[in-house]
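K.L.:
Not my notes, these are from TrEMBL:
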DOMAIN    28-328  domain 'Plant heme peroxidase family profile'
DISULFID  CYS38-CYS118  disulfide bond
SITE      ARG65  site 'Transition state stabilizer'
ACT_SITE  HIS69  active site, proton acceptor
BINDING   ASP70, VAL73, GLY75, SER79, GLU91  Ca(2+) 1 binding site
DISULFID  CYS71-CYS76  disulfide bond
DISULFID  CYS124-CYS324  disulfide bond
BINDING   HIS195  heme b binding site
BINDING   THR196, ASP248, THR251, ASP256  Ca(2+) 2 binding site
DISULFID  CYS202-CYS234  disulfide bond
Amino acid sequence: MMISSKKLTQLSVICWVAVLFCQSVQSQLQVGFYRNSCRRAELIVRNAVRDGINKDRGVAAGLVRMHFHDCFVRGCEGSVLLDSTSSNTAEKDSPANSNSLRGYEVVDDAKAKLEAECRGVVSCADILAFAARDSFDLTGGISYDVPAGRRDGTVSLAAETSDLPPPTFNVDQLTQNFAKKGLSQEEMVTLSGGHTIGRSHCSSFSNRLYNFSGANSQDPSLDATYAASLKQKCPQASTDPNLVVPMDTITPTISDVNYYRDILANRGLFTSDQTLLSNTATASQVNSNSRSPLGWKRKFAAAMVKMGRVEVLTGNAGEIRANCRVINS
């Protein structure tokens, strides 16, 4: 079939427009975005994160988790940071977030210092993306470049946290959940490694200890010794909502591959952790990550950068909040 030169020209123009459009979407976030407008922005955030971790090692896990929970609801636009009001329950006060997120005060500290130095320039969404990177790095991970230029959203609804994957999800549900955000199954396994640091409330996994199949039975995929240890820390009759256990049994404050080694030893804390062994492809990735500490860290950094682009607001969309907890009046 012959194509006229006019049609070829039209096609080439369409192709160039498509390429330029894709590039513009990608380039809306840029590494070094604040180089001219607020030169010390990333250093100020890093110092705030370091101060926070020095006071409480658990803050690092809280900030990594907070960035993830931000990006999976409305995209990475800081809606998880907004406080509830008399007429609205915000994301942070939903059951999925209220007991599991920590580190808001670190974001507040960084924002106050940034406003003093560069008023109205650095978004809360970018602060959170930088803080998650620094938390990973300062707990034994690696540093990586974070493209910035996100703007802050103005809506935060507790009901929308249904987009977050619960700890009861199986591998197929996790794969579908991450795919909705443009993340692959391998990236899901990689990002699950964020559970290498932090803690969990007993309520997030107690069904695996006492009521796995509707009777008083234990999840058979749990290592028996580990299960006995968890039962000691999380008694069935306890009504204490503050009981917590570390996510990683070996090095709960260090970002490393012991999370994957725990899964291989049937010591994955959540159903959503242990389920990674139930699928051939994800089990292979668990094995590979467990043997490649630096390889996993590099993959985690790349997956965090990709996740950090989910449904971002840029340009004139959204706003730059003066206070991360409230929208501008």
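Yeah, the Cβs are placed from backbone N, Cα and C, and that goes for glycine too.
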K.L.:
Please report how many Å separate the Cα atom of CYS76 (disulfide bond) from that of ASP70 (Ca(2+) 1 binding site), as a whole number.
P.N.:
5
K.L.:
Just to be sure I understand: of CYS38, HIS69, CYS202, which recorded positions have a C-alpha no more than 10 angstroms from the C-alpha of GLY75 (Ca(2+) 1 binding site)?
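P.N.:
Close recorded positions: HIS69.
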K.L.:
Measure from the CA atom of ARG65 (site 'Transition state stabilizer') to the CA atom of CYS324 (disulfide bond) and give the result in Å, rounded to a whole number.
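P.N.:
That comes out at 17 Å between the alpha carbons.
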K.L.:
If I take every residue in the domain 'Plant heme peroxidase family profile' (28-328) and average their pLDDT values, what number comes out?
P.N.:
96
K.L.:
Among CYS38, CYS118, CYS124, CYS324, all listed as disulfide-bonded residues, which has the most CB atoms within 10 Å of its CB?
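P.N.:
Max Cβ neighbours within 10 Å, all protein chains included: CYS124.
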K.L.:
Can you check which residues sit near SER79 (Ca(2+) 1 binding site), meaning Cβ under 8 Å from its Cβ, same chain, 6 or more apart in sequence, and list them in order?
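P.N.:
Looking at Cβ-Cβ distances below 8 Å from SER79 (Ca(2+) 1 binding site), excluding near sequence neighbours, one finds ASP70, VAL73, ALA90, GLU91, GLY153, VAL155, SER156.
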K.L.:
Rounded to the nearest angstrom, how far is the Cα of ASP256 (Ca(2+) 2 binding site) from the Cα of ARG65 (site 'Transition state stabilizer')?
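P.N.:
One finds 16 Å between the Cα atoms of these residues.
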K.L.:
Please list residues from the chain of THR251 (Ca(2+) 2 binding site) whose Cβ is under 8 angstroms from its Cβ, counting only those at least six apart in sequence.
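P.N.:
Counting only residues 6 or more apart in sequence, the Cβ neighbours of THR251 (Ca(2+) 2 binding site) under 8 Å are THR196, ASN258.
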